[in-house]
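Enquirer: I have a structure I would like to understand better, so I am pasting it below and will then ask my questions one at a time.
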Amino acid sequence: MSGSGCSIVWFRRDLRVEDNPALAAGVRAGAVIAVFIWAPEEEGHYYPGRVSRWWLKQSLAHLDSSLKSLGTSLVTKRSTDSISSLLEIVKSTGATQLFFNHLYDPISLVRDHRAKEVLTAQGISVRSFNADLLYEPWEVNDEEGRPFTTFSAFWEKCLSMPYDPEAPLLPPKRIIPGDASRCSSDSLVFEDESEKGSNALLARAWSPGWSNADKALTTFVNGPLLEYSQNRRKADSATTSFLSPHLHFGEVSVRKVFHFVRIKQVLWANEGNKAGEESVNLFLKSIGLREYSRYMSFNHPYSHERPLLGHLRYFPWVVDEGYFKAWRQGRTGYPLVDAGMRELWATGWLHDRIRVVVSSFFVKVLQLPWRWGMKYFWDTLLDADLESDALGWQYISGTLPDGREFDRIDNPQFVGYKCDPHGEYVRRWLPELSRLPTEWIHHPWNAPESVLEAAGIELGSNYPLPIVEIDSAKVRLEQALSQMWQHEAASRAAVENGMEEGHGDSADSPIAFPQAMHMEMDHEPVRNNNPVIVTVRRYEDQMVPSMTSSLFRVDDEETSVNIRNSVVDTRAEVPNDVNVTEGPRRDTLDQAVTQPARTNTTPPQFNFVVGRRNSEDSTAESSSSTRERDGGVVPVWSPSSTNYSDQYVGDDNGIGTSSSYLQRHPQSHQLMNWQRLSQTG
């Protein structure tokens, strides 16, 4: 291979020239070829949604413009195999080094580890960096070197680390371009004709790109941050930072956000501004939750699919596509929920508080499988983020050790008067209720007939009656939880009696997602009692993820070295022989899927398996563990080396729970052992 000595900087979700360690390393090394590879098929069921693709298109154009101003340009490739594309670029450019920044979702961890193995085998020097977190996941452990199991303990450790996060890097002054004359760019298509009209509306509200992210950060820190504590729950005004899509695509680094906010914290502390200090602490907690989402994904790589607390795999979820459609279309009969869902569909955005409202309603009132809701968020949110969304839905579903009590139902009527006290948010998104007095805006079913008539509202006609009564939902939830504990106890008894094929084994299958879920208002929902009908998938159909072992295998015929065989014995290894194929479902689940949707009685179930990382990890070689800018190994997770299983207690200072539910069921606070994975599916 002819060596020009140039370096490839592989951009992914780090679309910025400022505080980009991989780019900085490439610039220091000499000539740079900046590369972006669009290979969405590699993401499996997580093919980016329409609004995410719109954002990515704009952000890449912005990045290319910035790179050109510095002396080079962005090489774009369309691919179904990122690593093959990297090899082709290496061959055509004579590059000798590859630099990239870490990602922490399971698919990326496997892909990045494989990239390191394949390219290293070809004689390419591969170095990777932390550009997405304050601290790497393996840097934040308890006194015994194990990962934390509650957010509060994790965040307390982050804030008390003996060294601050690295200061953000300035952008390079100039980039020496590598010879990319034999490496032409592919034209990337991120939207089809049918999407362009809707996408044009997004540009009125959002400005993607790293320099625009910088402006958004400055605007927030110098404005709404001061009153963030007081205003953050108001859904009817712009009180949040709106930084989440910028952070997801890496247009601004979390280190820069952290440092900017900490500067304000010091300033306000010196001034004795208690309100400002409280606002800073609360906003930093939201940054901490983003950190924690990556931490959980790294340490528990199936958290986007399965509940972290093992007993919740026995929860009898309601398989009802009619409920699901009503929720998506904003026709549940609860104004705050419906307003939120219509805003999401129209804009790709939801206020944090409204996300909690609609997801809690989804899980607690409708009792629909939380993975369905998480996948719908993935398909529709501008800031769709696998790790953050998984953490949020696990929290709402009570499947985190410090998540919400599962037996707690928030009444949308009462929540509405807290976060939309004047009804302005509801009126904006539900014009059919715009003339309803504020007194009744969050519970129109209680309004006198004369009031409804004067407002032009006919319940059940131009606005639906509540799809489920809250009181009956509470009763159903109590029944479902009782059924869950019965199944959990039966499974435990079966294991204790040596029956390997107890309830637990057959409860592990995630509930299949409906074959076709359309947003059109005038289509009938697919019926559960007619499973043989095959529908044509439309572009906006919602699909549910199911991570299988095929995602963790390296093809034997690849030119690369097999991951399992090539890694030295002392090094943590990405499992590539784990079998997570779904097993048979219990009879109740089979009936729920193939027969008419359950009304109030029989529901279905699924599960999660987790483990802890081996403290003797390869991260000793990593840039982060040595606090240097030079890249280390690609981060990988490892299965537990023991049959260790954690006990968890409720934590009132955690993400937002009270501990009574966990105290009533102390046997439930166990994360499943990773080593049971091959047995439980």
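Residue positions begin at 1 at the first shown residue.
From the backbone N, Cα and C atoms, a Cβ is placed for every residue, glycine too.
According to TrEMBL, the FAD binding site annotation covers Tyr228, Thr240, Ser241, Phe242, Leu243, Ser244, Phe283, Asp383, Ala384, Asp385. According to TrEMBL, the compositional bias 'Polar residues' annotation covers 591-605. Among the features that TrEMBL reports, domain 'Photolyase/cryptochrome alpha/beta' is placed at 5-134. Taken from TrEMBL, the feature region 'Disordered' covers 576-667. What TrEMBL records for Trp317, Trp370, Trp393 is site 'Electron transfer via tryptophanyl radical'.
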Enquirer: Sorry to bug you, but what's the C-alpha spacing from Trp370 (site 'Electron transfer via tryptophanyl radical') to Trp317 (site 'Electron transfer via tryptophanyl radical'), rounded to the closest Å?
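Expert: Here the two Cα atoms are 9 Å apart.
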Enquirer: Taking just the CA atoms, what is the gap between Ser241 (FAD binding site) and Trp393 (site 'Electron transfer via tryptophanyl radical') in Å?
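Expert: Distance between the two Cα atoms comes out at 21 Å.
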Enquirer: Rounded to a whole number, how many Å is the Cα of Leu243 (FAD binding site) away from the Cα of Trp393 (site 'Electron transfer via tryptophanyl radical')?
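Expert: Spelling it out, the Cα of Leu243 (FAD binding site) and the Cα of Trp393 (site 'Electron transfer via tryptophanyl radical') are 20 Å apart.
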Enquirer: Of the recorded positions Tyr228, Phe283, Ala384, Trp393, which one sits closest to Trp370 (site 'Electron transfer via tryptophanyl radical') when you measure Cα to Cα?
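Expert: Closest by Cα: Trp393.
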Enquirer: Under a criterion of Cβ-Cβ distance under 8 Å and sequence separation of at least 6, what residues of the same chain contact Tyr228 (FAD binding site)?
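Expert: Counting only residues 6 or more apart in sequence, the Cβ neighbours of Tyr228 (FAD binding site) under 8 Å are Thr239, Thr240, Ser279, Val280, Leu282, Phe283.
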Enquirer: Please list, for the domain 'Photolyase/cryptochrome alpha/beta' (5-134), how many residues fall into helix, strand and coil according to DSSP.
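Expert: Looking at the domain 'Photolyase/cryptochrome alpha/beta' (5-134) with DSSP, the answer is 65 helix, 27 strand, 38 coil.
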Enquirer: Which chain-mates of Ala384 (FAD binding site) that are at least 6 residues away have a CB under 8 A from its CB, listed by sequence?
Expert: Pro48, Gly49, Val51, Ser52, His248, Phe377, Trp378
Enquirer: Quick one: give me the count of other CB atoms within 10 A of the CB of Trp370 (site 'Electron transfer via tryptophanyl radical').
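Expert: Around Trp370 (site 'Electron transfer via tryptophanyl radical'), other Cβ atoms within 10 Å: 25.
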Enquirer: Across the domain 'Photolyase/cryptochrome alpha/beta' (5-134), what does the pLDDT come to on average, as a whole number?
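Expert: Looking only at the domain 'Photolyase/cryptochrome alpha/beta' (5-134), pLDDT averages out to 96.
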Enquirer: Return the maximum Cα to Cα distance in Å (whole number) over the record's FAD-binding residues: Tyr228, Thr240, Ser241, Phe242, Leu243, Ser244, Phe283, Asp383, Ala384, Asp385.
Expert: 23
Enquirer: Looking only at Cβ atoms, how many others are within 10 Å of the one on Leu243 (FAD binding site)?
Expert: 22
Enquirer: When a 10 Å sphere is centred on the Cβ of Trp317 (site 'Electron transfer via tryptophanyl radical'), how many other Cβ atoms does it contain?
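Expert: Around the Cβ of Trp317 (site 'Electron transfer via tryptophanyl radical'), 25 other Cβ atoms lie within 10 Å.
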Enquirer: Do you know which of the recorded positions Ser241, Trp393 has the most other C-beta atoms within 10 angstroms of its C-beta?
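Expert: Top count of Cβ atoms within 10 Å goes to Trp393.
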